[in-house]
Amino acid sequence: MLEIIEGNRVSELDKAFAKSEGMSSWDLMERAAISFFNWFKLHFTNFPNEIFIFCGPGNNGGDGLAVARLLEMDGFKVAVVTFEDVLNCSQDYQINFTKLPLGVKVLVYESLEFDLLKNCICIDAIFGVGVNRPLSGKYLKTINSLNKVNAKKIAIDLPSGIPADTILEGDAFQADFTCTFQFPKLGLLIPEHADFTGKIEVLDIGIPEPFLKSFSQKKYYVQKKDIPSFHRKFNNFSHKGDFGRILLIGGDQGKMGAILLCSRAALRTGSGLVHVFAPWDERLVIQVGAPEVMVVNDFSLSDLGIFDAIGIGPGWGLEVDPNYFEMILQSFNSPVVIDADGLNILSKNPNLLKAIPPNSILTPHIKEFERLAGSFKDQIERLEKAREFSINHKVFLVLKGAFTCITCPDGSQYFNSSGNKYMATAGSGDVLTGMITSFLGQGYDSLSAAICGVFQHGLAGELASVKKRRGMVASDILETIPQTYLNLDIE
C-alpha cells in the first residue's frame, strides 16, 4: 500500500533517500526520467509526430529535460520549450540542459506557435510539488494556450497549477495523463482537481516502503495488488454458516429496489445467509427478485445476536421511530453498516450517534456527510472533518465518490484507486452497503471489510462498464461482483 506524503515533505524525503543511498539529487532525477520514459514507450510506441516538453526552471523542468534526452536517443522527435535563462534555473536543470542531444530542438516560449502543436504530444514539466502558488504571467499564458490545443497532454508529477495539498486557485494544465512518482499526491485525489489530472499513473522510482513509512501522515493509496492480503481464506469444509449470516434492514413502499439491490449484492459478495427485514406487504419484491433471501416479518431485539453483521438504511424511509433505531443499535454488540436513510435519521437525531457500536461503518455521500458533520468549504476540509468525526465517534467513514476515502477511528485515511464515472447511478451505493455488510458477516474486521468492499465495488463497476459505459446501472455492478474475485485471483 502506498503512503501519501504531504507535498511540503517531498523534497525532504528525496534528499534523505538520496543521502541514504549515496546518490545525488541528479541520480534520483534520472531514475524518475527513466521510469517516465518506460511508461511512455509502453503507451506511445512509434508515435510519429513531434513531442513538445515544456520545462520550468526548477527540478520538474529538469525531469522534463532528462525525459527529452531519453526520448530523442530512442528515435522520437523531441522539442523542449524553455522559460528562463539556463543560469537562472536549478542546478540539476542546468546539468540536464548540457546533456541534451543535438537532435533536440530548444525553443523559447515567446517564439512558439501553438497551432503547430495539433496532433502532437505536449508534456508539462513546468511546475511540480514544489510550487503551491497560482500560475501567473508567462506560465499562465502558456498553460491557457496549451489547454486549447488538440493534442495528447501528459503532466509529470503534477499538472502545473495544481497544488500538492490544497485547493487550486486559478487555472491549471489539463492533462490526459498525470505520471506521478512513487506515491500519489493528495491534490490528485480530490474532486476539485478532477478536470485537470486525467488518468493518474503512479510510477515506481525505487524508494522502498519502509523508508516511506518514516514520513507517514497515515494516509494511504489502496491499489489492486493490496487487496488479496485483506481477504480471509476458506477451506473445502466451509459451510454457509462460515460465510456469515447477515440481516439487512430497509425498504419502504416505492423504495424496495434499494434493499433488493443491497441483498443481491451481499449474496454475490459471498454471504452464506441473507435475511431482510422490510415491510411485509412488500415482501414479494424480495422473494421474486432474490429467491435466495429470507424475508423477516418481525424479530425480537434479543435475537439480533444470531447475526454476524447488520446493514441498515437502504430505502428505509424517514418515518422510522428514532427510538426504535436506537434500540437496534444498542441491542447489537458488533459493528453495523449504516447507509442512506439510516444516515439521514442519524443526522436528524444526533443523540443516536452515541448508540452506534464501536468500529461500525457509515457510508455517506457528500450531502449525507454534510448533514452529519456540518458544512465544509472544500474537499480538504471535508477530509479533516471526517477524520475528527471518526475519532470522536469511534466509527469508520466511507466517504463515497471518486477515490473514495475510508477514514478510521485512529485518524488514518485510505484512498481507493478503483471505479469510474459510470458508477454515478441510482442504487450504486446500495450495492456497496450489501458488499461491506457481507464482508463483515464473513468475519472480516471493519477496515478489511471497508477496503475490500470499496475496492471490489469499484472494480465491478470498471468491469461492467466496458461494454455499457453511460448505460450501466446498479444491477450491472452487482452481477459483476463475482468476476472481481477472478480478476484478483481470490478463491
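Just so it is clear, glycine is given a Cβ too, placed from its N, Cα and C backbone atoms.
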Open item on the list: Given that TrEMBL assigns Asp124, Ser160 to the K(+) site, pick the one from Asn49, Asn59, Asn60 that the record assigns to that site as well.
Closed with: Asn60
Open item on the list: Based on TrEMBL, name the residue from Gly374, Gly427, Gly429 that is recorded for the same AMP site as Lys400, Gly401, Ala402, Phe403, Thr404.
Closed with: Gly429
TODO: Would you count the other C-beta atoms found within 10 angstroms of the C-beta of Asn59 ((6S)-NADPHX binding site) for me?
DONE: 26
- [ ] Counting other Cβ atoms within 10 Å, pick out the least crowded of the binding-site residues Gly62, Gly315, Gly401, Gly429.
- [x] Gly401
TODO: Enumerate same-chain residues with a sequence separation of six or more from Ala402 (AMP binding site) and a Cβ-Cβ distance below 8 A; give 'none' if the list is empty.
DONE: Pro191, Ala194, Gly419, Lys421
Task: Integer Cα-Cα distance in angstrom, Lys400 (AMP binding site) to Gly315 ((6S)-NADPHX binding site) - done: 18
Task: Subset of binding-site residues (Asn59, Val129, Tyr139, Thr404) lying within 10 A of Ser160 (K(+) binding site), CA to CA, in sequence order - done: Val129, Tyr139
Open item on the list: In the three-state scheme derived from DSSP, which category covers Gly429 (AMP binding site)?
Closed with: helix
